[in-house]
Every structure is written in C-alpha cells, then in structure tokens.
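Novice: These came from TrEMBL, pasted as-is:
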TRANSMEM  32-53  transmembrane segment
TRANSMEM  231-251  transmembrane segment
TRANSMEM  258-276  transmembrane segment
TRANSMEM  314-335  transmembrane segment
TRANSMEM  356-379  transmembrane segment
TRANSMEM  451-478  transmembrane segment
TRANSMEM  599-622  transmembrane segment
TRANSMEM  634-661  transmembrane segment
Amino acid sequence: MEPEEKKPKYGDSRTFDPNFKGPIHNRSCTDVLCCLLFILALLAYFAVGLLAWSQGDPRKVIYPTDSRGQFCGQIGTPLEKKPLLFYFNIMKCASPLVLLEFQCPTTQICVEKCPERFLTLKKAILNKEHMQYFSQFCKEGVDTTMMATELLRDGMCPSVIIPSRPFTRRCLPALETKKGGVVVIGNETTFTSGDVNLNATDLLEATKKSNIVVEARQVAMRIFEDYTQSWHWILLGLVIAMVLSLLFIILLRFLAGVMVWVMIILVILVIGYGIFHCYMQYAALKGQPGSDVTIKDLGLQTDFSIYLQIQQTWLAFMIILCIVEVVILLLLIFLRKRILIAIALIKEASKAVGHVMSSLFYPVLTFALVSVVIAYWAVTAVFLSTSSEPVYKVFNTTECEYSRQTCKPETFNRTNISAQCPDAECLFAFYGGETYYHKYLILFQFYNLFLFFWCVNFVTALGQVTLAGAFASYYWAFKKPDDIPAFPIFSSLGRALRYHTGSLAFGSLILSIIQVIRVILEYLEQKLKVAENRVAKFFLTCLKCCFWCLEKCIRFLNRNAYIMIAIYGKNFCTSAKNAFFLLMRNIVRVFVLDKVTDFLLFLGKLLIVGIVGVCCFFFFSGKIKFGKEVASSLNYYWVPIVTVVFGAYIIASGFFSVYAMCVDTMLLCFLEDLERNDGSEERPYFMSKSLQKILNKKNKFMTK
C-alpha cells in the first residue's frame, strides 16, 4: 500500500487557469444570511432612532431646569430672557459638580442675571429699592408687601442673595481669597442664612471641588476664542495640506524612485532641524532664572506656554527627536535592499493610480458616508440620553415620612403631605421614568453603539473592496492600459454592493464585536479605578492587550480577504482562508515588502505633516512678520498649530490610504501571478517589466 501523500500545511499553490483574466464578472451573491441580518439590523437601528427622536428632548442637555422642570432660556417660552438657574440655598448642595447631574434639595428658579450684591431678605424688606432688586430672585408673583417671615415660611424668596457668577448656566458663589488666606464673598467674611451665621469659608468648602472644572473651563474658553480668531487660517492650512498631498501623489507617479529617496532625506532633515531648534532653545534658556525648574515641580498649569520657558521641556523634545532619527537611520541601513523592491511596487502602484485617477477621490465618498454614520449615532445618542420624563420628589428640611417620595406638582397642595410636613415641597428631581422604554434605555444605547461600529466598519470594507477590484483590474490587464475595463471604480463598487454586501457585513461584524468588547473592558477599568483590586486590574489589562492585538490581526486578515473577494467573488470565510494561506506561503517576502512599503508611505505622510507643521509654527508663533498680527491675538498659539497638523495628517492619510490599498492589491496579485504563471507563451507573467527584472523573471516569448 502506497503511503498517503502529505498535503501542504498552507494549501496548494495556485494553478494556471487559461480563462482567468482578472476580477471574475460571472459571480453570485455571497453570505446571503449575513446580508439579511445586516439589513434587519439597519431597520431596527432606524426604528431605535425614530423612537429616540419621538421621546427625546435635546433641550435637557442645553438648558438647565427649574424646580418645575421648565427650561431656562428656551426660545419661545416665558423663560426665554431668563437663561440662568438660581438656587435659593446653595449650602444645601454637597458640591457644585452634583448640580450638573442631580437636583439640590432647595428651590431653583430661572433668572435673567446672577446676583451682583450681598443682601439679606430682612434688610431688603426695609428698603423699597432693595426689595425691588431682591424680588427678581423670588418666585414669580411674589407679594413684596408680606413680612419676611411669611415669605420664608411659604418658600417664596431666599433668605439671602450673595454675589454670584454664571457657571454652566448656573449661578454659583463668586468666592475670592484675600492676602493671608482670608476667604471673602462680596467683601464679606460672614453672612446670615435664615437664622444661621455662616462663614464664607463654608461656601468655599461647598464649592472647592469645582476649582479644577473652573480652570478647565477657562482653558476651554481660551481655546474656543483662539479658534474664532484663527479658523480661516486653519482652513487655509488644511487646503495647503490637501494640495501638497495631491502634488506628492502626482510627482510619485512620474518620479517614484527619486521621490522616495528625496522623501527619506527630507524627513531626516526635518527631524534634524527639530533637534537643532530644541537644542538652541535649551541653550538660550541656560542660566535664566526659573528655567531649571522641573516639569514635576511645575505641576499642571493652565497656561501651557510656561512649559516652554523651562529647559527640561526642550531637553525632552530633543531626546525624543534624537531617538526617532536614530531609529529611522538604522531601518534605512538594514533594509536598503528591500527598499529597492518596495520602490518598484510603489512605481507599479503609481501607474495603477495614474490609470485609475477616480480612485484618488473615492476617500471623499468614504468620508461622507462615515460622517453620516457618526452624525446619526451622535444625534440618536443625545435623543436617547434625553428621552426620560421629569420626576418630582418631596424635599424637606425636617423629618417627614414622605421625604424623597415621588409626587405631582399639580396635586401636591391638595394632598395631606403639605399638612403633615409644612416645610415640604414637590420639586423637580431628575429625568427618568418607569415605563418599559425607560427600563431598557441602556440596551438601546448599547445597540446604538454596536451599530455605529458595524456601519463604520462596513463603509471602510466597502471602500477597500471597491479599490481592490479596480486595481486588480489594472494588474491583470496584459496590455496596459488597453485591456483595462472602462470605469473600473464604478464597476467594482457595483459588484461589491450587488454580490458581496453579506460578505462585507460578515467581516465588519466580527471586527465590531471585538471593538465593543474593548469598549466594555474600558468601562470596567474606569469602574475598577475606585476599587483597589490589583488582581482584577492585572487581568483586565491583560484582556485589553489581547483584544487590542486581536483587533489588529482581524483588520489585517479582513483587508486581504476583501482583496480576494474583489478578485474571485468567493464568500468571506473562503476568501479569508485563501488570502491567509497565500500570505503564509510567502510570509518572509510579504512581511518585509508590506512593512517597508507601509514605512515609506508613513514617511510621506510625515513629510507633508512636517512641512505644514513647521510653516504653521513660524506663522502662528509670530516668528515671521506676516503672522505677528495673528499671533498677538491668540491665547495659545499651539491651538491652531495642533489643529492644522492633525487635520493635515488626516488628509494625507486619506490620500495615502488609496496608495496603501493599491500596493496591498498589487502584492497579492503579484504573488498569485508567480504561482499561476511561469513566463512561457501559454502562461505569461502579468507583472511589469521592472518587477520581472528585480526578481530575475521574464516572459520568454517576448525576449526575441
């Protein structure tokens, strides 16, 4: 008996097929069940959105609410001219931060402006002018002729008003600290609330937890002011980044080899200039008073320009740039031979993009679709979070058996609660509900998040399949460009939507599940920060690391599976298996070429971002005369610089993603070409002559 032949570990190599001429046109629908599941999920997503839009009210996020649940400052209501919320007794609130989410057990009304003076009700009632000013902080329809004790008994007015400032549309005490650490409010160190004498320090204790938030708000307001002053210059910087990206791609088509080496040299020079600039700044600060302070000693400062006045900051920048420079130089030395092969692939990709110019504009469609998905998710999330109903509860200062029970303001005065508890009030507590919709609201939010990931991944997968199909049509055209089909992008997009919606949904579903699990792990980590369970934190960190690696692997496999789907039209699992086996049969070549090409394309993005960033730095920091006027109007000159740099990277990534997809498609087609063909007249190579030359391959029948 003959021994059974052992099958190759990663499948058999591709065999020659005389009928194969590139992406197969006669194909059938794949992964139909996943397609139906995706359509049903989208319909349910739209239903959740409609339900949220019918129940939600975004005004709850924008406007604060008074004790009756009415919105302060809402246009078209009697409170339109009263945008601020005033608390009768701020001392009953444990912390101002709680005011953003929960109600304080005190009466709250909408006012036109916050109190600007210190005044008690007992003093105000003795002076008509003072009482007229005081009455705007009382309930509507108050009778100012009543005694102070009667007004306090009926809860019509606060016992005292103190100088306050608006914070998140709420009037909070305007506390100040004099020399010697004395806390004052309106130049007063003590005040009377009802019959109790209180120190201004007590108010400081009640509001001290908001200091960090106040400072953060000040920074946010300054950043917002910088955006209003420099938005048109930011747009100009982004347009320049887009022009540079287009110009780079056009030049790459004709001068790929030269451009790659020029790009490498320029990146090295840009980083070298950064090192030189950091050293000059470091040397200039040497010996200056206060420049030897460490970042740790300086702590968190709201004025970030302070960090640029100490030596340690520039030393840290210089060390980081030196490390980056050394790593790049070492990679170039050890991978110099592989760079030549990568240049050949980029040249081939340049030709492919040149013949399929519409591919450069496809990222605009992807960006538009992703923007629609993000907008739908964000709006639905806001409506879901604001779809609760106002809940009223009994608030009182003395003991009462009905305390914190739900109540109805319309019927509260007719119940026996007010008789048994004279000081009790039926006040707005929070937004909630007892219906099935409100009970399962968290599930709707989870579903909204899950479909957001699924839709974004589907749009990304659609773009990858479309581009892969178009570039595969170019590679498998024997006579280029004569054999390239007309409108390859539209043809590939039509095939993807008509036949492979289910496969795209399948691949994006797998990735979405992993991403949701990562979100859940992040949520659990936030919850565990309070607890000191080191074992749980360790396992959670390990899980996060594992799922991060798993997501990267799935993204890589999906990308190559989509290329095989675009070429052969098989289902997702078959395409993923064939792509994986093909890559594993050529693992060394794939790894080196793919990573070297990715590295070169990354250097291209880095060059564009570096050029734009350096220009923005000189302009917004006032280093050149043309930008001094703009720089003088900014609080933080780094705000527009960071914005333009980030935007430039996003724009460059969009254009270079087309190139990356083209190179990946060329690589898989190239590997298939090597396995299918041998250069004979019956089985000629489809690769370009430059690739044949590098690999010492040639079509024998064309050598004569």
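Heads up, the Cβ atoms here are built off N, Cα and C, so glycines get one too.
TrEMBL does not curate its annotations; it predicts them automatically.
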Novice: Are there residues at least six beyond either end of the transmembrane segment (258-276) with Cβ under 8 Å to its Cβ atoms? List them, or say none.
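Specialist: Contacts of the transmembrane segment (258-276) (Cβ under 8 Å, skipping residues fewer than 6 from its ends): 248, 251-252, 317-318, 321-322, 324-325, 328-329, 332, 339, 342-343, 346, 600, 603-604, 606-607, 610-611, 614.
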Novice: I'd like to know if the transmembrane segment (599-622) touches the transmembrane segment (231-251) in this structure, counting it as a touch only when three or more C-beta pairs sit under 8 Å and are separated by 6 or more positions.
Specialist: yes
Novice: Restricting to the same chain and to residues at least six past its boundaries, which positions have a Cβ under 8 Å from a Cβ of the transmembrane segment (634-661)?
Specialist: 222-223, 225-227, 229-230, 233-234, 237-238, 241-242, 244-246, 249, 252, 304-305, 346, 349, 353, 359-360, 362-363, 366-367, 464, 467-468, 471, 597-598, 601, 604-605, 608-609, 612-613, 616-617, 620-622
